[in-house]
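Sequence annotations record features per position, and here TrEMBL assigns transmembrane segment to 6-26, 243-268. The repeat 'Solcar' annotation in TrEMBL covers 52-174, 183-272.
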């Protein structure tokens, strides 16, 4: 029994950090594309010299959201598959332990199939890498396999950017002494946190739908979905409206500091440098 408990703890720890490597690898280019694209569109929408209206700020955010899905969709796809591998392995392990009759000695022969890519019973959960999953998807479905759920990702990330960027820009303005000054570090960080958490909660229903659609492996009695509308209808009918906001609080807690830090670092000079380079190249052309 001691062995089974240890095995369960190992699988649980793996489940907690499944997908972390994918996030660490791809979150930087994702945020870079989002922030740079927003600045690019804001620059071109304000070339007339007049201040950006709210509608133009939202349009720039929309453009940034569309651009970022180039990185976001494969990143989310691989992350969800890694998390599902751990979740399904944990389910099988717990089920195997619970089915043992009282007083039966545990034999270390519980078959744990983490995913379809790991064939055959093993005595311990076998880790699955993002490379394995990406290779299998490319082999079986081609490049479109990595972009499964693209529509749902757009449905989440475009509204997120439409809400986030105008809200951040207007909150950040409140901390400026004049239009030419930069807001204090703490003010920009707080503005990023507020805007990020607000946008994250607002698009939670879209995030729930996207996650369900991108989950390729289903556990026992889990629903399958044919598309965005079908997924939304089944969630509403079988789980109720509150299901669309599952994990919204956790998502807000993650997104708030992430965008607070990213936005402050970007505003320390990267955004201005990009715009200055664009203006210089235009003059030289």
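Every residue, even glycine, has its Cβ placed from backbone N, Cα and C.
Away from its own ends, the transmembrane segment (243-268) comes close to residues 27, 31, 35, 164, 168, 172, 182-183, 185, 188-197, 199-201, 204-205, 207-209, 235-236 of its chain (Cβ-Cβ under 8 Å, at least six residues beyond either end). For the repeat 'Solcar' (183-272), the predicted model reports an average pLDDT of 84.
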